[in-house]
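Per TrEMBL, these features apply:
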TRANSMEM  40-58  transmembrane segment
TRANSMEM  70-91  transmembrane segment
TRANSMEM  103-124  transmembrane segment
TRANSMEM  136-157  transmembrane segment
TRANSMEM  169-190  transmembrane segment
TRANSMEM  202-223  transmembrane segment
TRANSMEM  235-256  transmembrane segment
TRANSMEM  268-291  transmembrane segment
TRANSMEM  297-319  transmembrane segment
Amino acid sequence: MRLLERMRKEWFMVGIVLAIAGAKLEPSIGVDGGPLKPEITVSYIAVATIFFNSGLSLKTEELTSALVHIRLHFFIQIFTLAFFPAAMWLFLQLLSITPINEWLLKGLQTVGCMPPPVSSAVILTKAVGGNEAAAIFNSAFGSFLGIVITPLLLLLFLGSSSSVPFTSIFSQLSVTVVVPLIIGQIVRRYIKDWLERTKPPFGAISSSVLLMIIYTTFCGTFSNPNIDLDKFSLVVILFIIFSIQLGFMLLTFIFSTRNNSGFTPADTVAIIFCSTHKSLTLGIPMLKIVFAGHEHLSLISVPLLIYHPVQILLGSVLVPTIKSWMVSRQKGVKLTRPVV
């Protein structure tokens with residue numbers, strides 16, 4: 001199962017490259033008013049499909065056992081949806097005086113505003129042997145919170161960049177995000193046994209729809225002759241994203257391993273991944289809604305498209321190291337317990 005998930009993620013990365021390349025070759029297909037009619041098929045149908053799919057796949061009935069660890073959940077959600085975007089805003093104030101493309105910098109801010117992903121943090125926590133229940137709870141709960149908090153954060157930090165009125169944004173969010181998600185959860189209650197038996201490919205469905213959104217987004221970019229992305233900015237953004245990922249992983253590790261933190265080594269593993277990972281599946285549709293019609297939407301999306309594979313790559317590379325640390329700490333705790 002883990003091998004299939006890894007293969008799916010690898011093919012998704014290839015799909016992103018092919019989607020962008022296809023948009024570069026023939027952008028007229030995916031622009032507004034083109035054959036794909038993205039103003040309808042993407043803005044409404046594709047986005048609603050992703051969140052209905054999320055509603056069907058979220059196993060919220062399994063999260064009750066993790067509810068009691070309130071301090072852990074509070075730490076993760078505050079770090080993800082408050083500290084992360086605020087720290088990113090302060091950092092970007094320094095970067096604003098550099099020659100880095102301003103829309104890529106705005107894209108970095110959108111990364112900070114995103115909720116945690118539904119899958120990658122859970123998969124990596126499980127691979128290490130950390131607190132999987134906490135990872136599942138915070139990924140699911142963070143996704144629900146993100147539906148409301150992420151658009152508010154985007155409007156707070158980048159409000160002047162949005163060409164869509166506040167009321168219009170939230171009305172579309174209700175129609176394409178909240179309602180499909182709730183319907184998905186309701187439907188799940190009635191077909192839960194069937195879903196458990198057949199295990200539909202939720203990840204593959206969401207990935208396919210997401211590739212369509214990415215494709216049409218970049219069609220809009222390449223059809224606009226006024227947009228120019230310099231390679232220097234792209235390389236610097238890639239380096240910054242790697243640095244942010246490593247820096248925040250280290251920061252969460254330091255915070256959660258203090259003597260008075262009250263967190264176990266297994267908790268720390270869940271904290272490291274859940275606090276620093278950001279959702280591409282939920283993020284791209286939200287950017288599509290909040291920045292609908294914006295000529296620089298694709299440039300704003302680039303940092304999130306980079307952040308997604310980076311978090312999986314770094315997480316996978318660090319799994320053996322984190323697992324070794326967790327096992328050694330757990331052994332140390334057992335050895336220090338008094339013999340009764």
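Each Cβ is built from the backbone N, Cα and C atoms, and glycine gets one as well.
With a cut-off of 8 Å on Cβ pairs spaced 6 or more residues apart, the transmembrane segment (169-190) and the transmembrane segment (235-256) reach fewer than 3 such pairs and are scored as not touching.
At the 8 Å Cβ cutoff, the transmembrane segment (40-58) and the transmembrane segment (268-291) share at least 3 close pairs (sequence separation 6 or more) and count as touching.
The listed stretches are 70-91, 103-124, 235-256, 297-319; of these, 297-319 has the most Cβ pairs under 8 Å to the transmembrane segment (202-223). Comparing 70-91, 235-256, 297-319 for CB pairs under 8 angstroms to the transmembrane segment (103-124), the maximum falls on 297-319. Panel annotation: around the transmembrane segment (297-319), residues 9, 13, 16, 101, 103-104, 106-108, 110-111, 114, 120, 124, 127-128, 161, 214, 217-218, 220-221, 227, 229, 234, 237-238, 241-242, 245-246, 249, 273, 276-278, 280, 283-284, 287-288, 291 of the same chain, lying at least six beyond its termini, place a Cβ under 8 Å from a Cβ of the stretch.
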